[in-house]
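*Asks:* Encoded as C-alpha cells, here's the structure I'll be asking about.
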Amino acid sequence: MPAQTIFVRSLPASASNQRLEEIFSEIGPIKQCFVVKEKGTETCRGFGYVTYSIEEDAQRALKEVKDYDGQRLFLSVAKKKIRDKKKTGGSKNIVSLKLSGFRKKQQKARLIIRNLSFKCSEDDLKEVFSKFGTVLEATIPLKDDGKMRGFAFVMLKKVPEAAKALKAMNLKEIKGRQVAVDWAVPRDKFIATQKSSIAGNFYATVKSQSEDEDDSVDQASEEEEEDEDDEDDDDQSLDEDDNESVLDSNEEQDESDDEPNSKSAEIKTSKKLLPSDVKEGRTIFIRNLSFDTEEEGLEEVLLQYGELNYIKIVLHPDTEHSKGCAFAQFKTKEAADKCIAAAQDEAENGGIRVDGRKLFIMAAVSREDAAKLKVKKVKVETGTRNLFLAREGLIRAGTKAAEGVSEADMIKRTRFEEVKRAKLRDLNVFVSRNRLCVHNLPKSVDNKKLKALCLQANKGSKGVHITECRVMYNKKPQKGQMMGQSLGYGFIQFREHEHALSTLRHLNNNPDIFGSHKRPIVEFSLEDSRKLKIKEMRQQRNKVKVLKMTSSVCLSLGYTYSSLSFSFLLFSSAPPKNQKKDGHFSGFQTNPEVEHVNLENGKKRKKVLHMPSHRGPKIRMRDKGKQQAPVSKNTRPRSNRRERQRRQMEKPTQSRNQVSTYPVVHFYS
C-alpha cells in the first residue's frame, strides 16, 4: 500500500520529535515523524509531519488523534510542494540536502517475490509474511491494462525478519503456486550485473512474451530504487537547518507513491522516447544458431567484421533456453553490411559458421516494420505420400453432400474410408496423384464405357491423355465369354494430375451417372512403393529379354552392328528426322542442311532439288563395253554360311516362313 503523510498544526513550542512519534505510533507503524523548529533553536514552529507506511493508518489518525498533551491539533493530508527548478544552484535562498552527511544502509529488509499467482492479493502477502515480523509494505506491480505482472515486493521492519522470511518462503507455495523469494536489488546494481540488458529497441522481432518479461524486470528494479531512496531518507540523521528541504523531498516521494498509475504512465512515456537504432542499419538479426552457442563464441566470430556494442541471444521466457536466434549491434553501419554480405556467400564452404552451423544474417527491423512485412503463411502440402489427397471426395453422413445418398452407399463409403486409413498406417503406402480408383460400378460397365465417362468428365479440356483404364474382372470366365464377371471397381490413370482431379470431382457421388441409388465412389488410388519397385524391375528384365532376342534374330539374318548400347528404338516404322541410318542398306542419303540460292535482288530462296539424272542399274567404268550375263529368274541362290546358321537357330516346330513374321527393326547409333 502507498504511504501517506499527515500535516500537523497547532503544536506547542515545546513539542519534540519523540513525543509526537509516541502519540501517532499508537495508530500504526510510522515511516517518518518530526516537528519543524526555528533555525538555531529547539523551539517548535507550531507544525510537524507524520508519515505512515500504510494509508489506512493515516486515515485513522486523521479521525482519532485530537490533541497533543491537552492542546488541540489540526490534521490534514500534506500536499506536495512545488519547486522552481529553473533557479540556479548559487542562490542563497535555496535550502539543499547535504548528501555528503548521509549514509545508505548496507542491507535492506525488502524482498521480491517472483512467479506469483494472479490469485494472490496484497492482503494475502501480508498474512503470509506477518508470521516472520512486522510487514510495513506489500505491493504488487500492475501492467497498463490493470493486470498483475507476476511478482511483488514485501518490506519488513527489520532485516533479520526479512532474512528469516526469505529462508522460510523461498521455493514454497503461495496460493497453490511455487514462488521464488530474493532480496530486492536497486536498479543501478541490477543493470551493472546484467551487461547484456540493453534498451528494448533491438528486440525488433522477438515475441511479446520475451518483451513483457524484460519490462517486468525493468519495472521491478525502478520501483526498488525509489523505495530504497525512501528507506534511506528514513534512516538519515537530519540537521535542523535542513528540516524543510527534507520535508519537501519526502512529500514528493510519498505523493508519488499515492499515484502508481501516473508512475507507470511516466515509465511508458520514457520508453517511447528511447532512441531507435534499428534504422541506422547497425543492428543485425541472426538465425539458425545452435542451442548450445553462447554469446562469447558468437562474439568471437563477429568481431572479425568490426567492433560490437552488444550481442544478445534470444531466450525462451519459460525455459530460459536459447531460441536459436540472436541480435548483435556493430558500432558502424559498414561493419554490419560487411557481416551481412559475408553471410550471403552461397559457396560450399562460404558464409559464417558457428559451432558447425551456417548462420542466416539479415538487417534487423523495428516491430512496426516487422508487422507490415508479416505475410499470412499459406499452407503448402509437402511430402512424398500425398496424404492431403486422401480426403479428396470424402462424404460424411449428416453433411450436405450426403443428402440423397442411399444407406447402402454410405455403408460402402464408411468401409472404404476405414480400409484406406488402415493401409496408410504403412509408411510404404502413398496416395497416387494421377491414378483413380472407382468403386460401385454396375456389372455392365466395361473398359470402353469407363473410359468414355472419364473423357466426358474432362470435356472442354485439351490434352487429356488416359494411360490406363481397366475394370477388374473375376479370373474365372463365364460360359461363352472371354472374361469373368465384373468386380464392381476399376482404375483410371491420367498423365496430368489436373485431369484426374477434375474427373474425380465430376464422377464422385454424381446421381446422373448410374442413378441416385448407385452413385460412383471415386478416390485417389493407394500405391505400395515396394510393389511398384518390383514392377519396374520386372519391366526392365522384360526389356532386356526382348533386346537379346532381337539381337539374336538380327545376327541370324546377317545384320551386324558395332555395339548394343540400347540407344536405338524398337518396332519403329520410320527413323527419326535428321538422324542418319547405319548400314549400307539404307540407300541414298540427302544432305539434311537446307541449301539456298542468292537472287539478283539480294534475297535468298531455297534451292530446288531436281530429279536425279541417273536411274536404272549402276554400271561401273571398268564394266563398260562388256556384255552382261543375263540372270535366270528360276535360278536358286546358293546356300551360304549365314543361311545355315539361321536354319540352325529355328525351332523344330517353326516353319521357315514364320521367321519373316518378326517386325521390321531399325537400328540407329
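Cβ coordinates come from backbone N, Cα and C, glycine included.
Unlike curated records, TrEMBL annotations are generated automatically.
If you look up TrEMBL, you'll see 211-259 marked as compositional bias 'Acidic residues'. Taken from TrEMBL, the feature compositional bias 'Basic and acidic residues' covers 593-602, 640-650. Summarising the annotation, TrEMBL assigns compositional bias 'Basic residues' to 603-619. According to TrEMBL, the feature compositional bias 'Polar residues' maps to 651-661. Residues annotated as domain 'RRM' in TrEMBL: 4-80, 109-186, 282-366, 434-539. The annotation region 'Disordered' is assigned in TrEMBL to 205-270, 579-669.
Structural setting of the listed features?
*Replies:* Across the domain 'RRM' (109-186), the DSSP tally of helix, strand and coil residues reads 19 helix, 25 strand, 34 coil.
Secondary structure of the domain 'RRM' (434-539) per DSSP (helix as H, G, I; strand as E, B; remaining residues coil): 37 helix, 37 strand, 32 coil.
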*Asks:* Do you know the DSSP helix, strand and coil residue counts for the domain 'RRM' (4-80)?
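*Replies:* Helix, strand and coil residues of the domain 'RRM' (4-80) number 18 helix, 31 strand, 28 coil.
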*Asks:* Looking only at the domain 'RRM' (282-366), how are its residues distributed among DSSP helix, strand and coil?
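*Replies:* Going by DSSP assignments, the domain 'RRM' (282-366) contains 19 helix, 30 strand, 36 coil.
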